[in-house]
Every structure is written in structure tokens, then in C-alpha cells.
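Copied over from Swiss-Prot, here are the features:
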- Asp7, Asp139: Mg(2+) 1 binding site (BINDING)
- Asp7: active site (ACT_SITE)
- Glu66: Mg(2+) 2 binding site (BINDING)
- Glu66: active site (ACT_SITE)
- Asp139: active site (ACT_SITE)
Amino acid sequence: MKVLGIDPGSRYCGYAIVEKINNKNQLIEAGLIKIKPNDLQYQITELCEGLDLIFKNHQFDEVAIEDIFFAYNPKTVLKLAQFRGALSLKILQMHGEFAEYTPLQVKKTVTGKAKATKEQVAFMVKRLLGISKDIKPLDITDAIAVALTHSANLRVKK
């Protein structure tokens, strides 16, 4: 079972492909779609082109994305919502349905604490996957955590 986990953002979109083999999760690939500062329409185009490459180079059984977090700046919320809409449409076109998780759900699943820090999430991601070296930036570990959360929820549903 291969899961694509996505952590959307306005500068970087983290992605991770995790495969469950014999009840053990393995990291297949993880990285970033870098979104250059530009007009919003060009940023959305960069995001969609980055997703196109991921979908063309890999096949997945499931896709999961992290819901946008609450931000105090209304402009940031609007921008993230527009990225999220474009991301959702692209996933629906390329794959079909997808799962969504709040940051609190992801943190709770991976660390056991809904209020865990990004560093605690990164530590547990490495531990759960048996990875010794640091994974940077944290957008990538967040995407891995989303994939692990969905993988765990699939196990519970079956």
C-alpha cells in the first residue's frame, strides 16, 4: 500500500511517499515543491506542475493532505486557501479522492500528543521509519507524518 502525504504551504509544499510492506512503513521518496515568490497565478502553476511530476513518476493507492492551519493574517489564510483549492483539484484530476487530516490529528497519531512541536514530529518520524540522519526542512517531515497518519488510519478502518 503506497500513500502520498502532502503538507501544503505558500513557499514549500512537502511531499512524501510511504509504502507499507509486511505491516512496516518504508519511506520511498520525500521532497519539496518549491514555490518562488511571484504572482499568485504563477505560484499556483508551479505547485500544479510539481504535483504533475510526482503523479507521473509514481503510482499511489492513497493520497492524504494536511488541512491548512489557522493563521492570524487574513491574507495568509486566503493565499493558503487558494493553494489548497488548486491542490485539491489537481489531486482529484490525477488520482481521485483523498483524505484530509488536521495538524492536531497528525501530531497526535505520530507523537501521541496533539500539541507536539514540529521538532518532536520530526524526531518521531525518523524513529518510526528507522532513519538516522536529519530530514530537512520540516515541511518534508510534516508530509511524511501525514502519510504515516493515513497509513495508520487505513489499518484501523480495515
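Backbone N, Cα and C atoms are what each Cβ position is placed from, and that goes for glycine too.
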Problem - Residues near Asp7 (Mg(2+) 1 binding site) in space but at least six apart in sequence (CB under 8 A) - result: Cys13, Gly14, Tyr15, Ile65, Glu66, Asp139, Ile140, Asp142, Ala143, Ala145, Val146
Completion exercise
In all the protein chains shown, the tally of other Cβ atoms within 10 Å of the Cβ of Asp139 (Mg(2+) 1 binding site) is 23
Problem - All-chain count of other Cβ atoms within 10 Å of the residue listed as 'Mg(2+) 2 binding site' - result: 23
Fill in the blank from the handout: Asp139 (Mg(2+) 1 binding site), DSSP three-state class -> helix
